[in-house]
Ligand code: LMR
């Protein structure tokens with residue numbers, strides 16, 4: 001410790017022996033996410049099956065000699081691993097297996113999030129922030145939120161930053177510009193194939209993206225599905241879900257909350273929609289354009305332009321999330337048990 005270092009931040013990570021974590025943990029420990037004056041403790045949750053692998057991860061972290069890494073704690077009991085956590089990065093979730101219905105996946109992963117949220121509610125720091133990565137992440141986060149009544153609802157996030165990064169990449173490629181010139185890109189809604197990458201409010205080198213890419217057909221009919229299906233396209237190439245780019249986007253997500261958002265820019269995160277200015281059902285975790293003062297908190301930007309096309313797309317994603325919520329009514333305290341009516345296979349980017 002040097003006198004300029006901040007108080008150690010405790011970061012709990014689930015799915016800690018998995019591929020995403022294998023990239024992310026080293027980024028966190030190096031200081032490139034929270035800053036070179038922010039020591040961290042890693043509290044890693046694995047399963048009985050991954051215990052040995054988790055020990056392997058810890059050995060590699062030790063051998064990397066990161067000065068900012070104050071300690072590494074391993075465990076398989078969330079009540080122990082989440083103790084005093086300032087952040088919980090909830091990456092672990094079951095992938096859909098052969099023959100498994102969507103509602104089964106919602107149910108299986110939902111149960112994991114009930115248990116983890118209850119543990120966070122009991123033992124985490126009272127201002128703990130949660131980022132859900134495990135799919136279906138929006139609905140898992142909603143389940144978590146309703147099972148952690150003593151933690152602030154606004155502290156629950158679901159990751160849509162990967163979708164934002166994918167959208168920026170496609171806009172930059174099409175415009176022939178470097179990706180840093182692409183700003184103010186929000187991906188709205190569900191992290192699923194109904195997600196809505198917003199080219200209406202996006203800017204390229206400070207100009208409206210649609211004034212730089214003067215091809216409305218491409219924007220609506222190629223760009224939009226390409227971003228929404230990118231996870232699936234990647235699985236076809238790799239034979240597994242994105243890992244490195246997901247880890248990078250988690251790092252980007254976290255950094256966005258600790259660095260003030262530049263004027264005229266935004267970042268995407270799926271957050272609790274209560275009080276949102278866009279008329280989205282208030283009891284959903286819905287991705288929206290946000291900005292931060294750099295204090296770890298955020299506000300929803302209220303002046304994004306919504307035209308008829310964008311409004312109709314937002315409604316589709318909202319409807320899908322309402323159906324997902326109906327399917328997990330039994331996991332939400334006080335909710336009515338509703339009928340699970342997911343018909344179309346549109347839930348995860350990687351599953352179409
Ligand atoms: C992604 O967007 O790459 C993943 O969420 C895909 C998936 O279904 O695992």
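Backbone N, Cα and C atoms are what each Cβ position is placed from, and that goes for glycine too.
These numbers come from a predicted model, not from an experiment.
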Besides 133, 134, 135, which of 109, 121, 155, 165 does TrEMBL list for that NAD(+) site? 109
Same-site residue for substrate (record: TrEMBL; known: 102, 135, 166; options: 96, 126): 96
Reduced DSSP assignment, residue 191 (active site, proton acceptor): coil
Between the Cα atoms of residue 109 (NAD(+) binding site) and residue 135 (substrate binding site), find the distance and write it as a whole number of Å. 8
Apart from 109, 133, 134, 135, which residues in this chain have a Cβ no more than 8 Å from the mean position of the Cβ atoms of those residues at the NAD(+) site? 90, 91, 92, 93, 132, 136, 137, 140
If you count the other CB atoms within 10 A of the CB of residue 96 (substrate binding site), including all protein chains displayed, you should get 19
Which of 102, 135, 191 has the fewest nearby Cβ atoms, counting only those within 10 Å, among these recorded positions? 102
Could you round the CA separation between residue 96 (substrate binding site) and residue 134 (NAD(+) binding site) to a whole angstrom and send it over? 11
